[in-house]
Amino acid sequence: MTIFNKFMRIRNFMRPYNGAGSFVVLAKRTFSNGAFDYDLVVIGGGSGGLACAKEAVNQGVRVAVLDYVTPSPQGTKWGLGGTCVNVGCIPKKLMHQAAILGESIHEAVAYGWQVPALDQIKINWTALTESVQNHIKSVNWVTRVDLRDKKIEYINGLGAFKDPHTVVATMKNGSKKELTARNVVIAVGGRPHYPDIPGAMEYCISSDDIFSLGHPPGKTLVIGAGYIGLECAGFLNSLGYPATVLIRSVPLRGFDQQMASMVTNEMEMKGVQFHHKAIPVSVEKLETGQLKAKWLNTETQKESEDVFDTVLMATGRYALTKQLNLDAAGVSTLSTNGKIVADTEQTNVPHVYAVGDVLEGRPELTPVAIHAGRLLARRMFAGGNQQMDYENVATTIFTPLEYGCVGLSEDTAVQRFGADNLEIYHAYYKPTEFFIPQRNIRNCYLKAVALREAPQRILGLHFVGPVAGEVIQGFAAAVKCGITMEQLMNTVGIHPTVAEEFTRLNITKRSGKDPNPASCCS
């Protein structure tokens with residue numbers, strides 16, 4: 001009877017794993033730790049690495065996560081969770097929200113709210129940064145508790161390869177700990193790049209520092225006009241700290257350039273100053289404690305200078321691969337900028353993988369890293385075969401007037417398909433909330449990039465306006481499913497919303513008709 005009971009228990013346990021592939025997975029689960037300390041070691045405690053580790057441990061394997069933050073040139077450091085939680089998406093969105101709230105106080109007067117002394121409304125920088133950092137620390141704590149509860153070993157050490165299956169963690173006190181692993185996932189992300197000019201490392205800050213800066217930033221120069229630079233300049237200016245931006249080539253490189261111009265036009269109208277074709281030359285600290293920055297116009301060769309309280313570098317990011325000793329692991333698939341080339345997240349070494357911002361040619365977005373990490377863990381330990389789809393990933397730039405998009409830009413679509421094979425539907429619109437305070441609507445604009453041939457499959461959707469991220473998220477699923485202009489036009493919108501403007505699109509650029517709205521309800 002005992003033998004029969006054991007047989008039935010084994011039979012019931014095996015039932016979910018019918019099939020040869022699943023049997024291999026069971027064998028991995030049962031016999032995986034023969035010669036290794038762990039089935040999986042993840043180097044990097046950011047969103048992608050943590051998602052991969054959690055999914056892996058759900059499959060019954062033993063996992064360790066290594067994470068260590070090297071302080072920024074200005075000495076800023078933070079806890080577990082990676083860029084997004086500590087110095088990226090989360091604090092950025094909170095600062096953006098603080099800026100929106102400040103502007104809303106002024107607009108409230110037009111709606112009948114009695115707000116005394118509008119000219120006295122100002123931000124308390126210390127209170128803001130303390131609130132933001134308190135939230136971040138709470139997320140750090142929850143993340144550590146979650147790892148503990150899931151029995152994932154967390155090691156606060158800087159990881160590097162000793163050989164293909166051995167990772168050495170260098171601890172804060174200098175001691176070292178060796179771990180052997182059947183599989184290794186590299187998820188170290190990246191850090192801000194500093195240009196090689198006098199004073200950059202000594203006196204400038206970056207997005208690593210701004211969200212915990214111990215004093216009000218004051219008049220700020222932002223060097224770089226990618227999404228990080230524009231977002232920082234946007235919320236700083238709205239919080240009352242004058243912002244100037246140096247643009248080397250074009251704003252928001254890689255994004256639709258018509259929409260990028262809408263974003264920067266709105267920022268200029270709000271008071272942000274832009275210097276085009278400008279590269280930094282030097283940053284010098286004055287006796288007053290202020291910083292004198294010099295820059296060069298690459299077209300006119302004219303050099304300019306001004307004095308600022310803060311200079312923020314936003315000239316791109318670099319992957320943290322040099323510290324990994326990848327040669328010892330045999331990983332050789334690196335791009336010229338140090339990122340890992342791995343089409344399916346698998347490097348040239350079969351058991352070494354990479355996810356997140358460290359990958360070459362992949363969107364540097366938190367949800368991308370999370371989804372890729374989970375799918376990778378399922379392929380490694382659960383017999384999964386689904387690959388990460390990096391096409392048609394939606395994103396939003398949280399500038400004062402937000403920009404959300406999914407799919408191809410008009411520029412890229414023209415390159416791929418040719419202008420004659422495309423139809424661009426576009427429109428300006430008037431958010432209902434803007435009417436009473438008489439907010440500027442000149443840059444509230446959207447467009448759909450579609451194939452010209454019926455049924456006109458949509459290749460890209462672009463939206464500049466309030467709550468752009470909330471608007472574009474739902475449409476991203478539709479684009480993923482292959483939505484056409486015919487289907488979009490036959491969708492009934494929710495009125496009055498800004499999202500419904502996509503369902504009202506009917507004017508093409510080719511027609512030459514006026515895309516400005518005639519009325520709001522017809």
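Positions of Cβ are set from backbone N, Cα and C atoms, glycine also.
In the predicted structure, the domain 'FAD/NAD(P)-binding' (38-373) carries a mean pLDDT of 97. Summarising the annotation, TrEMBL assigns domain 'FAD/NAD(P)-binding' to 38-373.
Taken from TrEMBL, the feature disulfide bond applies to Cys84-Cys89.
Under the heading FAD binding site, TrEMBL lists Lys93, Gly159, Asp357. Other Cβ atoms within 10 Å of the Cβ of Gly159 (FAD binding site) number 26 in total over all chains.
Marked as NAD(+) binding site by TrEMBL: Gly224, Ala225, Gly226, Tyr227, Ile228, Gly229, Leu230, Glu231, Gly316. Within the same chain, residues at least 6 positions away in sequence whose Cβ sits under 8 Å from that of Ile228 (NAD(+) binding site) are Ser207, Ala314.
Here TrEMBL flags 393-504 as domain 'Pyridine nucleotide-disulphide oxidoreductase dimerisation'. DSSP assignment over the domain 'Pyridine nucleotide-disulphide oxidoreductase dimerisation' (393-504) gives 39 helix, 33 strand, 40 coil.
Other C-beta atoms found within 10 angstroms of the C-beta of His495 (active site, proton acceptor) number 11, with every protein chain shown included. Per TrEMBL, active site, proton acceptor is recorded for His495.
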How many Å lie between the Cα of Leu230 (NAD(+) binding site) and the Cα of Lys93 (FAD binding site)? 13
For His495 (active site, proton acceptor), the one of Lys93, Gly159, Gly226, Gly316 that lies nearest, given that the binding-site residues are compared by Cα: Lys93
Other than Gly224, Ala225, Gly226, Tyr227, Ile228, Gly229, Leu230, Glu231, Gly316, which residues of the same chain sit close to NAD(+)? List them in sequence order, counting a residue when its Cβ is within 8 Å of the Cβ centroid of the site. Val222, Cys232, Leu252, Ala314
I need the most crowded of these binding-site residues: Gly224, Gly226, Gly316. Count other C-beta atoms within 10 angstroms of each C-beta and give me the top one. Gly224
List the residues of the same chain that sit at least 6 positions away from Asp357 (FAD binding site) in sequence and have their Cβ under 8 Å from its Cβ, in sequence order, or write 'none'. Gly46, Gly48, Thr83, Gly189, Gly190, Arg317, Ala319, Glu364, Ala369
